[in-house]
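Note sheet for the following structure.
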């Protein structure tokens, strides 16, 4: 049980802060007031550079995203801001209507959000809403056109961050697939070099157009995770409840539908690139470089699928070597 918990923490680089510095969880009114008055993010589109998320808040978001299955879910994050940094201390779900491509926040969700935050303040928790999160089941962490519009609207009222979690890739890879983003002002155009620096990620063919159309409207923030002394106790209690499922489940079976979709998507991308090569024979120059880039992306997608499948097979093999025949051995020894 402890090994599984430690493995999860190491995989996601969760660091333990000094117990004497647990004051990071306390709302710093002076810093918040100073930043709210000066509003440095209005002068620098890249002012916020990182997001620090508590381990418990991350678990809440991942479990919520996983519970939605193939449907998108949505929630709110609480915390505060520091210079250049968002600190997320907690998260809660929102009662929203979700589909396989979007989430729609209705009046009921807005009323629930106001009521929840008011109850927190009455209980002495002064953290503000610093961002929203939602899931992208199976198609990566990025902002769609609707997400960009939602984030633009939220940023008008103050500092806000958008977090995206892919529950399917999280289960398949064994590491939380998460991204944090902020949108640029309408009158700002990022340099071309900055757009090219973005790390390549696998996007399904049916989402590629939406991904490419809005990729220049936002930028990503570095995400780091932390836990306090109290978080350690809470995580232990959570693991007492879920460690059996961790050992008994196999990512190959849990995400078999996702794996099938990924291989189908890869075959479609391969056929598309092959048709492009056949219709435009290589003649040297820039077109050849474009084809090479397309082939390289297909190869990367295939390598990622293979690595996740191999990891699942290795996990199943380790469990079989550890637990297969234990009951039989005990019976023989008792006789």
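The backbone N, Cα and C atoms fix where each Cβ goes, glycine too.
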Self-check item: Among ranges 120-133, 134-147, 148-161, whichever one Swiss-Prot labels motif 'JAMM motif'
Solution: 134-147
Quiz item: Can you count the other CB atoms that lie within 10 A of the CB of residue 147 (Zn(2+) binding site)?
Solution: 24
Quiz prompt | Residues in the motif 'JAMM motif' (134-147) grouped by DSSP into helix, strand and remaining coil | solution = 3 helix, 2 strand, 9 coil
